[in-house]
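Participant: Dropping a structure here in structure tokens format, bear with me for questions.
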């Protein structure tokens, strides 16, 4: 951790506890600050609040009294606290310094940063970069919106390691000095307008990621959204990714991922499915190359990376059949997305809690479905759907039985996909439990194990 003295003996008000507020408060104590934590909820039984009180932190809960601003503290804002909260608005009116927890992580670390933001794909891209580092001899530590508090991870990261930080628009809003060496914008679409009010405000929040970059830094973005990048404010070297054409950066040509004219890998050898994931993969490969990850480690990652748990997660191959766990698909929209991700014939495992809906909206996405293995309360509805489309329908009692029956109908090169399009509660407590049962059954029933 950098020996940062800018907060020593300063009054600091942390607004919002949760995980990031808790870690920020502990860090601020280490940095010699006089710390108060304020949260609108009752924290009288909160173990984190009790821990902080034992360290000398003052806790003010149950509201946001404006009197907390009377001693003109520096504000550290939890990303979950909107800027519209009265105490933050008043702090702006009084021209008080407001830091975000991510900004704090930057101030106390000399580690180079790969920062990833975007409306979609940022978690997959961040995780894939982390896996590429793991496959090499380099160290990259995941942090930020992906679930590891940035200010905590930053303390553990040395200058010769990378911080790989996923950033939401909420975290980027408060950027002042934050400067990643490599910044990625996966894409920008309309989202979180309840928070940002306008699309322009949301886009501007995302653009904060390159606000402080210099000509020694890199910005990686989607070539087909390059019009969203403001060139007049951009100093970093801009590189692009595209699945459709050659660009200055990384692209797909003749079925290969290509960087600077060099073929890296055939896309048929990737285990992460879907056109959307091709863009995530390109961004991750380019960032990892720029950070010095060897091509061999990148290829190793691309041929083994299973994705995010229960979200089109690759769980293994038996003979020529790849198996994917998409248990998080608890509605038809998510399953449409999954069915559209494969060009190969699909053995589709589906069914679950009956909420009274039919599934006809899935019909346009079923062209590659060869077999349906149906279970749960919606078994008969899915059987009727499959029969109406001329699919082979097999009935199973549960996930375990479904995996067993797959063995009787699967053909070479079929993809086996669990994407239930239903909640799990008829048979399993959570979609995670359902997905784990699928993985366990795959391992238990298949001869390769």
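From the backbone N, Cα and C atoms, a Cβ is placed for every residue, glycine too.
Okay, these came from Swiss-Prot:
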- 118, 119, 120, 121, 122, 123, 124: ATP binding site (BINDING)
Participant: So around the ATP site, 118, 119, 120, 121, 122, 123, 124 aside, which residues have their CB within 8 A of the centroid of those CB atoms?
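Facilitator: Filtered neighbour residues, in order: 116, 125, 186, 187, 280.
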Participant: My understanding is the cutoff is Cβ-Cβ under 8 Å with a sequence separation of 6 or more in the same chain; which residues meet that for residue 124 (ATP binding site)?
Facilitator: 272, 277, 280, 307, 308
Participant: What's the number of neighbouring CB atoms sitting within 10 A of the CB on residue 118 (ATP binding site)?
Facilitator: 27
Participant: Let me know how many other Cβ atoms fall within 10 Å of the Cβ of residue 122 (ATP binding site).
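Facilitator: Total other Cβ atoms inside 10 Å, all chains included: 24.
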Participant: May I ask you to report the DSSP-based helix, strand or coil state of residue 124 (ATP binding site)?
Facilitator: helix
Participant: Comparing the binding-site residues 119, 120, 123, which residue's C-beta has the most other C-beta atoms within 10 angstroms in this structure?
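Facilitator: Of the binding-site residues 119, 120, 123, the most buried by Cβ count within 10 Å is 123.
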Participant: Is it possible to get the count of other C-beta atoms within 10 angstroms of the C-beta of residue 121 (ATP binding site)?
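Facilitator: Around residue 121 (ATP binding site), other Cβ atoms within 10 Å: 22.
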Participant: Please report the DSSP secondary structure of residue 119 (ATP binding site), reduced to three states.
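Facilitator: It is coil.
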